[in-house]
Amino acid sequence: MEAHQFLKAPGITTAVEQAALATANSALANAVVVRPFLSHQQIEILINLMQPRQLVFRPEVFWNQPIQRVIHNELELYCRARSGRCLEIGAHPRSINDNPNVVHRCFLRPVGRDVQRWYTAPTRGPAANCRRSALRGLPAADRTYCFDGFSGCSCPAETGIALYSLHDMSPSDVAEAMFRHGMTRLYAALHLPPEVLLPPGTYRTASYLLIHDGRRVVVTYEGDTSAGYNHDVSNLRSWIRTTKVTGDHPLVIERVRAIGCHFVLLLTAAPEPSPMPYVPYPRSTEVYVRSIFGPGGTPSLFPTSCSTKSTFHAVPAHIWDRLMLFGATLDDQAFCCSRLMTYLRGISYKVTVGTLVANEGRNASEDALTAVITAAYLTICHQRYLRTQAISKGIRRLEREHDQKFITRLYSWLFEKSGRDYIPGRQLEFYAQCRRWLSAGFHLDPRVLVFDESAPCHCRTVIRKALSKFCCFMKWLGQECTCFLQPAEGVVGDQGHDNESYEGSDVDPAESAISDISGSYVVPGTALQPLYQALDLPDEIVARACRLTATVKVSQVDGRIDCETLLGNKTFRTSFVDGAVLETNGPERHNLSFDASQSTMAAGPFSLTYAASAAGLEVRYVGAGLDHRAIFAPGVSPRSNPGEVTAFCSALYRFNREAQRHSLTGNLWFHPEGLIGLFAPFSPGHVWESAKPFCGESTLYTRTWSEVDAVSSPTRPDLGFMSEPPIPSRAATPTLAAPLPPLAPDPSPPSSAPALDEPASAATSGVPAITHQTARHRRLLFTYPDGSKVFAGSLFESTCTWLVNASNVDHCPGGGLCHAFYQRYPASFDAACFVMRDGAAAYTLTPRPIIHRVAPDYRLEHNPKRLEAAYRETCSRLGTAAYPLLGTGIYQVPIGPSFDAWERNHRPGDELYLPELAARWFEANRPTRPTLTITEDAARTANLAIELDSATDVGRACAGCRVTPGVVQYQFTAGVPGSGKSRSITRADVDVVVVPTRELRNAWRRRGFAAFTPHTAARVTDGRRVVIDEAPSLPPHLLLLHMQRAATVHLLGDPNQIPAIDFEHPGLVPAIRPDLAPTSWWHVTHRCPADVCELIRGAYPMIQTTSRVLRSLFWGEPAVGQKLVFTQAAKPANPGSVTVHDSQGATYTYTTIIATADARGLIQSSRAHAIVALTRHTEKWVIIDAPGLLREVGISDAIVNNFFLAGGEIGHQRPSVIPRGNPDANVDTLAAFPPSCQISAFHQLAEELGHRPAPVAAVLPPCPELEQGLLYLPQELTTCDSVVTFELTDIVHCRMAAPSQRKAVVSTLVGRYGRRTKLYNASHSDVRDSLARFIPAIGPVQVTTCELYELVEAMVEKGQDGSAVLELDLCNRDVSRITFFQKDCNKFTTGETIAHGKVGQGISAWSKTFCALFGPWFRAIEKAILALLPQGVFYGDAFDDTVFSAAVAAAKASMVFENDFSEFDSTQNNFSLGLECAIMEECGMPQGLIRLYHLIRSAWILQAPKESLLGFWKKHSGEPGTLLWNTVWNMAVITHCYDFRDLQVAAFKGDDSIVLCSEYRQSPGAAVLIAGCGLKLKVDFRPMRLYAGVVVAPGLGALPDVVRFAGRLTEKNWGPGPERADELRIAVSDFLRKLTNVAQMCVDVVSRVYGVSPGLVHNLIGMLQAVADGKAHFTESVKPVLDLTNSILCRVE
């Protein structure tokens, strides 16, 4: 603002003037200083661009590009102020010495204009080295800069800045480069003019001149004396449009500062980018008007298209707006082109009155003026026409309305009362226009442009995702998949009860008998040769293993198996427990799934079962196409040759390392005892016994994968500089982690003990002698709040980025741990490969990130400062590090000082590995309990809350109490509801118990404790041992008071339950609520029944129960036990009730929850209230839900009752969701297909298929005769004569069947479900035996709450609730009603679209009650079938598309057998229904349900809106289990009727089926089944065929059917609202995503299948690209309906 008048004022007279002066002073104090000399026009430009910032002009320098440089400096200050220590990309040479806060700079080798900049760079300071390297082509002198570019550099940095240096990189390239640097934030300044969105041309604005040639854009600002900016157009467009990057390197891009078209973009690495639409140019001062005349060109026989040669003219927005307002409001008589030109000439002159600008004016060329007049005149003509038409139509409508009589007005009034919401103007017809029409306008306004596009990164995620899903793919093939298993946690503490009203049973629960296999067994390698071949081991290793024999001593105790393997002169130990981690040679992690009761083990694709037999131990190995049995005899084997054993171990180690270097995902790391052992190939807890233990040597032949170990890793980590100070002290409150039981025997002597002996080495193997030490699986001892961990074990088991070596002064190979590093990484000791030194620490990346650091020698001098520095100097890095205790070996540093030094000088996430001696010291000196820091602000707020409390009667005991800042130590035992937290407290451990309610106080006092409520306890907790029960629910100020006053404090509670509530709403409770970290978690509940545990498993994933009650939730029964309500208002209406909040911590045998209407918001918003209400009872919970609040969240009494009535059980099943991935652009052949014209593509499709525009919209075929059943008709069959559609083209490529009207419904009912059913009475055994080729005997199926949850989830996703599910009463028609609907979609065809004479298609819907009754069973049966399918057989859509495509591609020599079922639903009869019931009986479904299903299917009534049909048998394509039983019947018919040779792939989905084989023939029993059931099979056998919307091409894969997809789009109605157009765009985008990498292959294959030209498919893909871009054109058509129906003949049976 202009402030001179206030600055010169002699005095301040009013408050307004005082405020204005303060505003002016503030604006001037924060003004931008402009130093260059500027012209008057440049000053105006800068003032307009920099608004609302105040500018102060102090000219003192001459700049070549003053406007850009001022903007650049302003944005640079913003970026550098927020980035801190950062990495800079493409820094200007002049800025190097001025910014010491940059840790690294990325440059490119200078070319062209950059050479001049380097010549003028400073010759002193840090810039001198950069200048010398740039101009002489020398390598970088230090790590502060490089000339590899941003994409080629890998220097780690968390934050970066790029000032006008990313114009030649796309957002995807920047995302990958940021990931390579480990960068989380990047501030990028970019120049993004809006003209790059326009066609090529020359654009002149008030600020700059822009020349756009289609590929590059050159921008020159006003007054520039040097060359302008030259950027790539495609990259600029990407930066303008993109707001996020998806893929393996996701980013969100936010525009945080803008000056004109100069933007600062903040790129942030985020795991799940969310939509971030933005308007880039809301303050644009130009509107771009299109000229209908293009620029002059060269003569040509064929004129070029206007779209590529048209030009735009930049017109000031105020000129265009005023011109539009003037022309639109002119009188009809006065409106003419000359008057518009006169007005435009007038407003184009600049007019000033004194210092006031009355008219800004404009200087324009003749071409621009002509374009503006033309565009304005035509646009105003269009608007005036619309105005005239609207008024004319409105007047005619008003005349009709005023002429209406009383009866008509009364009818309209009644109709409006009962009709929809009133929308003004709906009675008028709307004017429809398209984007490319003349009436759509001639101008583009940047102010209204909105962008929110995502750019996929160029990573190879397709291969990575496919490999990562290999384990689950093996499960689909019928193998065991245990990738979801995690190690089981033990229960910590006593298992008591927290309420004396509940007592456990005196009868011990029964346990299943576990067979004991303890003993000694002989394991010859020859017995496992098939397993070695399945593991794909080299022949050398297989031959060596077959020559060896081992003795395995097995000890089985408490679900754990310990094996001692004697192989030659070596002894190995392994420990098999459930959840044990298996070592791998890749990034994949495998956990062992071990069930001692079932005698099974599994991990990855391998599994085994074992059993004791008379001959010994019988083990069955399954996996990777292997099914092998081996029997191991008891006894002791002769000792194998030690030389052979050593050679086998060495060869096996070399194979593991070779596989590690070339593995993307990896497999198991094979140990000797894992291959020559009972339970091959598993070897968890690998121990190689030796006599000289030191940290790490014991794993010389063991390798736990770390991504940075792989030489071929594309993202090898780099070192960086510490961006934050080290962790200050031990006061960083660690969190105590419950230690796992040790997996190794008693520790060996400490590392300082002398070596006893060396194992013998084989002279024949040529392998040097290597000392083998005891290797133990690492054991977690402690976890700190910052994520750091302390382990007992070998640091070589760590997955950290860096490993720290306890080196010597010269960093040469030595003894102890340094020797182990040299054995593993000899190249890491090469001083020439050290990339950085920090003090005495040396950093290397060869062959993996390692830090060599030497501790002080305490044998000579005790030097604590050097010991601190030894750890501190290892923190100049990015990523985590694994440490040993430095100096505690040879240099004799005590364990305590070394541990304290590490604790004070490490980074979050680091790991410390202790040998057994140090581990025992650590356990004896474990860090203290976690601490809570009370800050001054928290203490002040708590004291304010205490003062408010002390003024009340309840809180008067708190008077005078205060909370002071400080640190409080505490112990916090958290657990699931009913886990016995309070029962674990004994009277000897505590002096005072603080509880939140009187009920809990009385319960504690009955147990003999001194219990008090929070306010009263303020008098007695000082200096006492205090236990605080339900600590999270205590008011936080009282909780802090008691924790600070107590001598020791032990907190009990559940963080997931109701916290302290701020009833008075002063805002103090949430402000001081402490963040308490549980020191232990208890997961076993002794209160909650099984069904309650299932409901709350989302909040407590590891919950288990000892309760024997399976079902405790009941609806509609009388109230029993304690009544619970949600709100205080409901208590008076329910005497004796308590609120859910008050009942927290209590236990009742029976409870009744009463949900009132006022609790709706509380139930939907507070998860904690629901958890507390659910977990108060032990036996029974009665729900009284009159308002239906629980039904609103998807659960009702009918659903639960019917589920248990149908035989459902509490339990777990695998989910039915199939993981699917979106293909990323690894080849991206789709990018070669530009968008094409929609009209030409559909016309070419019509020419190729021979289709022509149809004169009718639909055909009502003649209604066939009703052959069976009874049809109910309405008195009138109303029809419509015409249909209005919004279509993509007037040529339809689908069968034009009947629309949804009465005659069409009748024709469909009669034609599809009124045909006579041919019954076939025969045994199902033959067909079931044939079906066993694909679906073996299923066995009993368990229906669990998992299927019930999936059913409810599907209902909620469809917008349904539980109100439609009724109690199972067959007398109620609503329970058994089957509703019929007419389908609108028609089938794509290459033949005749009209003269087919086929009736329409219908879909039925069973009642929600039957769906809820049978749905869980059908889901469970479907899961059982999927688990039994052989390899190569695909069911429905329960597979990933890439897996199916890979299977088809692998069957290169096969032909495609295709069967087309005609009238598939209509031909199903009593035989197909009997087969379904037989399979249900085979699965263990209750007989009552089977008979009910048979009854519903054998005789039914289809209820249409006005018609109904009583019929028999058939199949309805909408009932529960439609896909399941249709697919099973399809499988049964195909397997029984045809025999296939060399079957490779078979796929079945409903009535569609294909089989890839070399030859087929009809089986002998086929004719009987076909004739008996009246089947209509049409078989085809060709090289390529169609299946379920894809083209099946053996050897190539399953490719999307472009022709069929495009043809089906022509039949649908895409209007009248914009929602349908959005659905079209989304559907087409999803389809194009499947074409990303196979577009060119689709062109060749699809054209061959349909016999069309490849150019058609190419054109169709381009058309789909245009539709996905939102450029679809719709045509409104009104076509008649051809009615060919005749009289319906009914025959009553």
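Cβ coordinates are placed from backbone N, Cα and C, and glycine is handled just like the others.
Of all the Cβ atoms in the protein chains shown, 23 others lie within 10 Å of the Cβ of His686 (Zn(2+) binding site). Under the three-state DSSP scheme, His686 (Zn(2+) binding site) falls in the coil class. What Swiss-Prot records for His671, Glu673, His686 is Zn(2+) binding site, and it gives similarity to another entry as the kind of evidence.
Per Swiss-Prot, the feature compositional bias 'Pro residues' maps to 739-752.
Sequence annotations record features per position, and here Swiss-Prot assigns compositional bias 'Low complexity' to 753-763.
Marked as disulfide bond by Swiss-Prot on the basis of similarity to another entry: Cys434-Cys481.
The annotation domain 'RdRp catalytic' is assigned in Swiss-Prot to 1454-1565.
Summarising the annotation, Swiss-Prot assigns region 'Methyltransferase' to 60-240.
As annotated by Swiss-Prot, region 'Y-domain' applies to 241-439.
What Swiss-Prot lists as region 'Putative protease' is 442-509.
Swiss-Prot lists 510-691 with the feature region 'Zinc-binding', giving similarity to another entry as the kind of evidence. Per-residue pLDDT, averaged along the region 'Zinc-binding' (510-691), amounts to 83 for this model.
What Swiss-Prot lists as region 'Hinge' is 712-778, and the listing cites similarity to another entry.
Swiss-Prot lists 716-769 with the feature region 'Disordered'.
Here Swiss-Prot flags 785-942 as region 'X-domain', drawing on similarity to another entry.
Swiss-Prot lists 960-1204 with the feature region 'NTPase/helicase', giving similarity to another entry as the kind of evidence.
What Swiss-Prot lists as region 'RNA-directed RNA polymerase' is 1207-1693, and the listing cites similarity to another entry.
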Closest-packing stretch to the region 'Methyltransferase' (60-240), where packing means Cβ pairs under 8 Å, from 510-691, 785-942, 1207-1693: 785-942
Composition by DSSP (helix, strand, coil) of residues within the domain 'RdRp catalytic' (1454-1565): 41 helix, 36 strand, 35 coil
Spatial neighbours, same chain, of Glu673 (Zn(2+) binding site) - Cβ under 8 Å, 6+ residues apart: Ala550, Val552, Cys563, Thr565, Leu567, Phe572, Thr574, Ser683, His686
DSSP-derived class (H/G/I helix, E/B strand, else coil) of Glu673 (Zn(2+) binding site): helix
